[in-house]
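S.K.: Take a look at this one; I'll ask things after.
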There are 4 protein chains.
Amino acid sequence: MSGNTFGKLFCVTTFGESHGPALGCIVDGCPPGLEISAEEIQLELDRRKPGTSRYTTQRREADAVKILSGVFEGKTTGTPIGLLIENTDQRSKDYANIAEQIRPAHADYTYWAKYGLRDYRGGGRSSARETAMRVAAGAIAKKWLKQQFGIEVRGYLSQLGPIKIDKLDWSQVSENPFFCPDADKVPEMEAYMQALIKEGNSIGARISVHASGVPAGLGEPIFDRLDADLAHALMSINAVKGVEIGAGFASVEQKGTEHRDEITPEGFQSNNAGGVLGGISSGQELIAHIALKPTSSLRIPGKSLDTNGNPIEVVTKGRHDPCVGIRATPIAEAMMALVLIDHIMRQRAQNGDVEFGLTIPAGDSA
Amino acid sequence: MSGNTFGKLFCVTTFGESHGPALGCIVDGCPPGLEISAEEIQLELDRRKPGTSRYTTQRREADAVKILSGVFEGKTTGTPIGLLIENTDQRSKDYANIAEQIRPAHADYTYWAKYGLRDYRGGGRSSARETAMRVAAGAIAKKWLKQQFGIEVRGYLSQLGPIKIDKLDWSQVSENPFFCPDADKVPEMEAYMQALIKEGNSIGARISVHASGVPAGLGEPIFDRLDADLAHALMSINAVKGVEIGAGFASVEQKGTEHRDEITPEGFQSNNAGGVLGGISSGQELIAHIALKPTSSLRIPGKSLDTNGNPIEVVTKGRHDPCVGIRATPIAEAMMALVLIDHIMRQRAQNGDVEFGLTIPAGDSA
Amino acid sequence: MSGNTFGKLFCVTTFGESHGPALGCIVDGCPPGLEISAEEIQLELDRRKPGTSRYTTQRREADAVKILSGVFEGKTTGTPIGLLIENTDQRSKDYANIAEQIRPAHADYTYWAKYGLRDYRGGGRSSARETAMRVAAGAIAKKWLKQQFGIEVRGYLSQLGPIKIDKLDWSQVSENPFFCPDADKVPEMEAYMQALIKEGNSIGARISVHASGVPAGLGEPIFDRLDADLAHALMSINAVKGVEIGAGFASVEQKGTEHRDEITPEGFQSNNAGGVLGGISSGQELIAHIALKPTSSLRIPGKSLDTNGNPIEVVTKGRHDPCVGIRATPIAEAMMALVLIDHIMRQRAQNGDVEFGLTIPAGDSA
Amino acid sequence: MSGNTFGKLFCVTTFGESHGPALGCIVDGCPPGLEISAEEIQLELDRRKPGTSRYTTQRREADAVKILSGVFEGKTTGTPIGLLIENTDQRSKDYANIAEQIRPAHADYTYWAKYGLRDYRGGGRSSARETAMRVAAGAIAKKWLKQQFGIEVRGYLSQLGPIKIDKLDWSQVSENPFFCPDADKVPEMEAYMQALIKEGNSIGARISVHASGVPAGLGEPIFDRLDADLAHALMSINAVKGVEIGAGFASVEQKGTEHRDEITPEGFQSNNAGGVLGGISSGQELIAHIALKPTSSLRIPGKSLDTNGNPIEVVTKGRHDPCVGIRATPIAEAMMALVLIDHIMRQRAQNGDVEFGLTIPAGDSA
């Protein structure tokens, strides 16, 4: 399989460039009988839509999704679901000047090296615009997970540059443009972002994603472990440079007595594992964190070469998010949802209704 | 494909339990004409072999590998290569007492939940013993990469619990039992490990892997990016809880001007990207870091349940590494090598000999 | 991977129902740099388009294809190619009466059994209308094969019910509505079809497909042999009930001395193998034959059940081809082309430029 | 994925050359909890074992299979099952003379063209000896199908050269060395084979395989149809040149009124479909037929070239089956079983317990 398909049983294949006529995807393998509408998918798309606050790109895209197949009389039929979003705000002319530039920290050089030619308009296929289709496909997965298993996948911004959150209040995440679960930090974030915009610079971010209600037993050792597939899924998001499960890199300095999540009849006493043991879900909350690099398109000039090898100064004038991490929350949720539905299907394939004697309570999820 | 196969074109499928009769793997897709011998593979296996120092498990396994097919008159034939390692030091009786235990931070509970039954001897399939076959398959990949492209994949211990290294001297890595590239830190590590063994505790570690000589253009956006496939590969190693590419989680606090690797005619001026832009290799050194949790088998009692749900205290008496991270270096190298050979093959499939005007020098790799 | 993707490296994923808003596909893995236009793809689509003669369905579809991505300035970019055909002649009302019918020899019952619900409009996903996207994707493959390797994939009708052809004159295939390479048989076919239409009945057909210029060495034993992948590809076409390679079922009665294709310095002396030995192409003409069953939609009543299990008589009134085999020629060509491009890419991945001492001339292709 | 793996969820990957140290396979994805032993697998292997009658090769192989992993306390654990057969009767010297020969109708030339070198001993990887592992893996699949679903997969010889069978009496199949279900034809077959052996020639055969008890709903349109996957599986068997489902090539001359299997409340009235409609099982008996070419190794000289391009006469002296088709019956059964278990798992993954109103009785299977 080529590189634009995600999943083994619930397969999402996407196409589309930033400034081409349309983006689209095919969701193949969706179980039949799920009630789904374009409106429901649209709700998720609107969460990542550009132009919703001053802290994100000002490109204005309706991102209106159409269902072209696979749904009949309001329900999925088990046949492939074709989804389409037409690009309305293309403005190719904005990007004409970059045709011969190799922008530092962008994919300009690597796409060119790989393919020998590239669609330079707005980054072409390498643009984060592509992630709209992941969110659309993820919306279907999220609905199914919730309805069939009560699984809820939710994300939040856990760090914006130097600003770390102190508390996790899920109810706050939708109340500010940062997906920040700590209301007290929002003013600080606003001030930080305004200074950054003024400076013409950008900043990295850390996003966290949790899934609650995940049954024990998901994951296919030894290579398709749940955590390995999550790492694949999350690292495939534009700008992601790191992935952690549970305690993540903090594990390096932990002793065994500290890291191991002890178990009592009340359940797990901690969750350093992040809900995965031996590559298989434990029934605890599934927890992952990702690091996103700062946006590469800056108003501050940077040294680079043109496509003839001559030194140039690159200055970006287009519409860009000063922190790409902010809008990544729904994308990360979508990817975790896609991993989970795929693994539930793999588990159903192999094991049907396995019965065993004991279920350990999820216990503490912190 | 089920979960025990890694790779799409250079495919490694493994089998074997810790205390079964044998471990083995099939390497399918290896290009024909490569000179390879069991002795060469053995050299890599010996690097991860248990029992080589007092800081690793005292289980004594010859880990002698046999080639059963796919090699004729000393060369690969293009047909599948069967590799086998017989288990010689099985001692099942050591493990009989854990049949009804759910050891905290082990895969006991999750394997049981997934499959409804489990081979409890030494962790069965979930044992890190399985990684021997990854190293064996990786040895073939490493040789091919070196011979065909001059690519060298090398790893080292970058942190042992609280002890971080100060310098990277590749020549030191093989000179101490820690794979530590900083000779000055070795005495500190030895003292730390001895205290740890005395205490009956364990500790986490951080391993770094570099590949030099990687051509630009490897990686298959948007899902099979080189970094995403690396994340998958590395997170699939036992005990790994985090993966970083290049600057990794440090990116969160970097500004765009700091993170972007500027380019001059002399090449890249820094390597925060870790050699990957837009999911495609840039020709810079490919750099990944992983976090490994502390060994879960401890002499210090831990709270858990038995398989009937009754509270118990778990104490491990067997032979275990106090820091599983130490022996993970050759495993991480093997996984990076497997990712690279697979992506070179994918690139050859799609693009043949792409020519383009400009190659940017690899420049700084730090 | 789910069932709507074909190919491992040159991957085609399709969606769309007979009477939904649109059909589409994603071609992922197409090598970059190929010049291709919607007009070129359209030429192939027009070859299978309904409504072109009185011997095919009278449904009138423009089948106008749009390229939505993956092509920039007239060339493929290596990123996924999105193709779309909007359905214009939907007329759902024609099909309302079949919602509760189980039409014999159709997929009505099996789709219902599989998915628990079905889009009954015109057969939904099971309609042969889906094959339009195969032809579109195949057009890209055909162009690449021709341009890069001089490979030509061509098909013809080798039998229409009882009427077998006597000679193979490629120049005649496009000169009649039957894809018949024997001009002398055309009047007989016309008369046969008119009688059939009058009777309200349908008939089976045999289609043959040849590829010339195929290099030796394509095919991946032992399961992904070239012939096995061809069998998969061709049997996946609607209504196909049999696939032969070379001598096919005639091999059953052949002796070894008759079947084996002897070789002289002038080349192979016959082609019972159909161009495949041991699952790998031999450089001879690649030859496959398929059997297509008669159309299942008939004006002559047939016994069946309704969805409540009550006996009914089924009579089809819609627009249908009296011989589905006729329009299958371009579809079979498309599938052979998709198999060939995929296997060339697999061969390039694994072997690069293998040199060996001897190339046997293709010799006789009969 | 490379070419030595079969199946998407129940995956069989094989290795081994005719005259290497061993053959083996990994069965990955087998559901846990199945009771299986080496003895049970051996029973199936013994059905295809060489040297059991004068009509098959005189090579004497014990073909004793060992289970190396994946089974614990007599039950599958859900982890990969490693199987191994050591080659005992290798006699490489018999084959030394063919190192520089290109035997007509063998894979000598194509393996050489593909890989640039080849293991010429007994055909190396291209030898039908490889099919032993298919039978071993198939034995596991067959047991599971029977136990979980009551599905029985059975094959027989339906034609030996010119001799067609007149009746299908399953009880006779194991009573003669031909897998012939028509006892009256056995003497004729014996006489035919003796004349053939005397002549030094070989002959083709036709094998039929049936599966009873198959539930409706298996198959994944549009490419992974049940019939397409069967065609792939069966065409991948050595020497197979044709595959038919149900009426197969007879469909070409059938009219629609004849071909369509009408349905009454008593069930299907015929089975031209061979149990598959629209690529999905209908609940009728699943029926496939294959054509096998005559053995290519003959005592009668044939024209060919040596590896330097010089004309030679090839005469085979080794031990060979005069009709490879005879021993193909258990292999074809194995492949059908592997397809069925894979599709049951895919159906379970996607649809869980689909309920629908009506099950049509299987009815006539002829």
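Using the three backbone atoms N, Cα and C, a Cβ is placed for every residue, glycine included.
Not my notes, these are from TrEMBL:
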- C:Arg48, C:Arg54: NADP(+) binding site (BINDING)
- C:Arg125, C:Ser126, C:Ser127, C:Asn238, C:Ala239, C:Gly278, C:Lys293, C:Pro294, C:Thr295, C:Ser296, C:Ser297, C:Arg319: FMN binding site (BINDING)
S.K.: For C:Lys293 (FMN binding site), what is the tally of other C-beta atoms lying within 10 angstroms of its C-beta?
M.R.: 30
S.K.: With the cut-off set at 10 Å between Cβ atoms, which of these binding-site residues ends up with the most neighbours? Options: C:Arg48, C:Arg54, C:Arg125.
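M.R.: The largest 10 Å Cβ neighbour count belongs to C:Arg125.
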S.K.: Which residues, sitting 6 or more apart from C:Ala239 (FMN binding site) on the same chain, put a CB under 8 Å from its CB?
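M.R.: Expected: C:Ala128, C:Leu292, C:Lys293, C:Thr295, C:Val324, C:Gly325, C:Ala328.
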S.K.: May I ask which of the binding-site residues C:Arg125, C:Ser127, C:Ser297 is closest to C:Arg54 (NADP(+) binding site) if we compare their C-alpha atoms?
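M.R.: Comparing Cα positions, the candidate nearest C:Arg54 (NADP(+) binding site) turns out to be C:Ser297.
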S.K.: Name, in order along the sequence, the binding-site residues among C:Arg48, C:Arg54, C:Arg125, C:Ser127 with a Cβ closer than 8 Å to any chain D Cβ.
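M.R.: Filtering C:Arg48, C:Arg54, C:Arg125, C:Ser127 for a Cβ under 8 Å from chain D leaves C:Arg125.
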S.K.: Between C:Ser127, C:Thr295, which of the binding-site residues has its C-beta surrounded by the fewest other C-beta atoms within 10 Å?
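M.R.: Among the binding-site residues C:Ser127, C:Thr295, the lowest count of other Cβ atoms within 10 Å belongs to C:Ser127.
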S.K.: Reported as an integer number of Å, what is the Cα distance between C:Ser297 (FMN binding site) and C:Arg48 (NADP(+) binding site)?
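M.R.: Roughly 19 Å, rounded to the nearest whole number.
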S.K.: Using DSSP and three states only, what is C:Arg125 (FMN binding site)?
M.R.: helix
S.K.: Which binding-site residues (C:Ser127, C:Ala239, C:Lys293) come close to chain A, taking a Cβ gap under 8 Å as close?
M.R.: none
S.K.: Using C-alpha atoms only, work out the spacing between C:Arg125 (FMN binding site) and C:Arg48 (NADP(+) binding site) and round it to an integer in Å.
M.R.: 18
S.K.: Cα of C:Ser127 (FMN binding site) to Cα of C:Arg48 (NADP(+) binding site): how many Å, rounded?
M.R.: 14
S.K.: Once the chains shown are all counted, how many other Cβ atoms turn up within 10 Å of the Cβ of C:Ser297 (FMN binding site)?
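M.R.: Taking every protein chain into account, the count is 25.
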S.K.: I want to verify one value. Collapsing DSSP to three states, which class is C:Ala239 (FMN binding site)?
M.R.: coil
